[in-house]
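To start, the structure itself, in structure tokens.
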Amino acid sequence: MELGPEPPHRRRLLFACSPPPASQPVVKALFGASAAGGLSPVTNLTVTMDQLQGLGSDYEQPLEVKNNSNLQRMGSSESTDSGFCLDSPGPLDSKENLENPMRRIHSLPQKLLGCSPALKRSHSDSLDHDIFQLIDPDENKENEAFEFKKPVRPVSRGCLHSHGLQEGKDLFTQRQNSAPARMLSSNERDSSEPGNFIPLFTPQSPVTATLSDEDDGFVDLLDGENLKNEEETPSCMASLWTAPLVMRTTNLDNRCKLFDSPSLCSSSTRSVLKRPERSQEESPPGSTKRRKSMSGASPKESTNPEKAHETLHQSLSLASSPKGTIENILDNDPRDLIGDFSKGYLFHTVAGKHQDLKYISPEIMASVLNGKFANLIKEFVIIDCRYPYEYEGGHIKGAVNLHMEEEVEDFLLKKPIVPTDGKRVIVVFHCEFSSERGPRMCRYVRERDRLGNEYPKLHYPELYVLKGGYKEFFMKCQSYCEPPSYRPMHHEDFKEDLKKFRTKSRTWAGEKSKREMYSRLKKL
């Protein structure tokens, strides 16, 4: 039955429902007299839902629609592409839509054009044709009744890759989740070859609903996730879920560890309690020993002597380097070298009050006086920085009493002692406790020596301070003192001498500071 013409802004949806007898028409109007009597299309669709075939029914029939069908597809909204809830254009836009219709190009894939009679239209018909037309029974002799074709289930990447080459179409343009899972069909037809079906997915048995159910077809999208076909999953993936668990019996000890050497994969594990061998770099060059071969060594190591020889040669290349070039630079601290950085200190030094000075013990002083280092020392000078009355009360054998800095400079720097035959010239300073006067005199000599020579050259590069001074040396080595006695600085009998020498020292110290200032101004 064909409805009369209506205004363009009012769209009508015609459905066909054919009973088993072939004499009845193929297409049956969905909206009857009740729709004209005032019911909306959606209300009428709800009332006549039980008359539709394919939506929630217990049986499915394949649909074949030819490409040359007289149904045409005009400009529609997004809901029209999905097949549900057709919207209506406004009265002002109806004329413009008929004269210059705009078709959405990428809104719906080509394969979904045959999902329903409303979407399967021929582009060759006129544009002003009605939206839906009755299908001629002569053109559909094979189909006495038809149903709306359900949208195709979204295709996975694996299926797209496998079917894309066979069908020759772009399957990536299919709309994802355009309809509920219950509306998806099990077969689809290739539009380029009418009458032939290419099954994308094998038919499944979804949860069927009876005609008495109140299911309107709009099922939750989550239902489709629970009804996935097992055929969509590749066989290799399905075997992971269905195959039984198998325990591997491979011996893990025979496998190579991640950070183990490949040559030691088959060798036995070394004992944890065995002391590790020293590296060849730490041992001296001449005392390098052959490494003991392990009992379980692999045959590759024993049959490949060239590789072992190369590795051994590479190890010896670092050990055979001159000690004077690498080890002296890395191992020697500049504080352990004498003033000109040419060699190390001869005597063993001890910690003292001033960290920038080198201290020796009274025992070292006594050993030098005994001539123990005679073959290494050309001149051994002992500077006694105490006041003259202290020096006369007792001093070390061979010591020179110079309590004024000017006197020390004249004695040492005006006519410096030159070392010969590689022997050293050593100067030792001391006072009563080696706390103030001795260290101050030692610094002064080094300072004046630096000013008189080009860095780092020095006349006296090796200077020492006697730790504990004369008092400690007298208590430990009294036999090396002349006379063997000790007179302190604050002796009651020499208070006047103490004041005189202190005043002289302070006056000379003030004049010294003025002289240094004048000398610096002259250099500027």
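Cβ atoms are placed via backbone N, Cα and C, with glycine included.
Checked against Swiss-Prot, the range among 74-84, 184-194, 272-282 recorded as motif 'Phosphodegron' is 74-84. For CYS431 (active site), the number of other Cβ atoms no farther than 10 Å from its own Cβ, over all displayed protein chains, is 25. In terms of DSSP secondary structure, the domain 'Rhodanese' (376-482) contains 40 helix, 27 strand, 40 coil.
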